[in-house]
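Q: Per TrEMBL, the feature cyanocob(III)alamin binding site maps to THR50, SER51, TYR52, TYR53, GLN54, ASP94, ASN143, GLN188, TRP303, GLN304, LEU305, LEU313, TRP335. The disulfide bond feature in TrEMBL is assigned to CYS63-CYS105. Positions annotated as domain 'Transcobalamin-like C-terminal' by TrEMBL: 258-333.
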Amino acid sequence: LPHTGRLALYLLGLRATCPPPSPHRSLVTWLKYYLEEDWTGSRRHGRPLTSYYQYGLGVLALCVHHKRVREEVIRRLLTAQHHGRLGHGGNTVDTEAVVALAFTCLERRRLVGTELAAELRAAAHGASKSMAEAQGPDGIIGNIYSTPWALQVFLATGACQTEPAFGQAVAALLENLEAFGTAATMAQVLPVLHGRSYLDIASMHCQEEPDTLTALDMEPLAEVPGNKTVQLVVECPLPWCYELRLYDRPVPAPAAASFLDVLQAAAALEPHDFKFHTQDTPQGPFLTQVLGLEARQEKRNYWQLLTAPNTPLQMGIADYRPQDGETLILRLSEW
């Protein structure tokens, strides 16, 4: 698969550090190549090989580096948004937000013609409105990790000044800052807390930026003594399985164990009965297979993480730490 998303995030971070121009020129060229490969390799599927999220990130990164993007590349994203195809891992908010930021950047940097710029402006404002409508009563938009993306769109489009959802979402972020424990998730939330979006990287005056980067000594998390027992449930509804509940057993684990630690404890306890696989992503490990059942993008399904009776988790498997006696549910779900 093309490395569209990973390279795009790297180039966004690189631009923010004000590097000398020569080392990353070839990387920008590679990103242009990946965007083309991402699409041409999947013409029969009608979508990118990776995802619209990664594809949108690629367009955003090129724009932030002041590089023009072919109109056909932009039209692919416009068409996908217009037809509601921007699905991503059970949640469309982060994908819609990345695409809206890319549209706003292209229009703001005047990298497209007048007619297309008007279409991009309308599409970005439409995305901003739909995100406000998707806000839950707790202030979260999509999930806790999608919320910073939505806030970046409000900031980039100027909706932050008039949209009540903005203040409510910021309040929700401040109440859930412990969820942002990885470098990738911190990179999403920090600009928002400073009233900025990734679009501001494009207009940085690097000559004025002081070199303030210093190494940070991270203290290890204090160990919590004792043990806990977590009830682990695996559910697979129709049409994928005839039997809904495939696994339902108590799993003993250390008191500080994360969801991922509980899965590893279950696998060590019953190596023949319980198996799972994860895939590394910038946001941390992503669950791809449980009990031999694989969640795949082309099947439009994913492993949803819940705590009983039916509450979706706002953190990933490496970040969420269940309580003693809690029931964790892995449910194969459609997006």
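Just so you know, glycine gets a Cβ as well, placed from its N, Cα and C.
Quick caveat, the model's predicted, so the values are computed rather than measured.
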Q: Calculate the per-residue pLDDT averaged over the domain 'Transcobalamin-like C-terminal' (258-333) and state the result as an integer.
A: 84
Q: Could you measure between THR50 (cyanocob(III)alamin binding site) and CYS63 (disulfide bond) for me? Cα positions, answer in whole angstrom.
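A: Counting only the Cα atoms, the answer is 20 Å.
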Q: Could you tell me which of these binding-site residues, THR50, GLN54, ASN143, has the fewest other Cβ atoms within 10 Å of its Cβ?
A: ASN143
Q: In the domain 'Transcobalamin-like C-terminal' (258-333), how many residues does DSSP call helix, how many strand, and how many coil?
A: 14 helix, 31 strand, 31 coil
Q: May I ask for the distance between CYS105 (disulfide bond) and ASN143 (cyanocob(III)alamin binding site), taken between their Cα atoms and rounded to an integer number of Å?
A: 24
Q: Go through CYS63, CYS105, LEU305, the listed recorded positions, and name the one with the sparsest Cβ surroundings, counting other Cβ atoms within 10 Å.
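A: Counting other Cβ atoms within 10 Å of each of the recorded positions CYS63, CYS105, LEU305 gives the minimum at LEU305.
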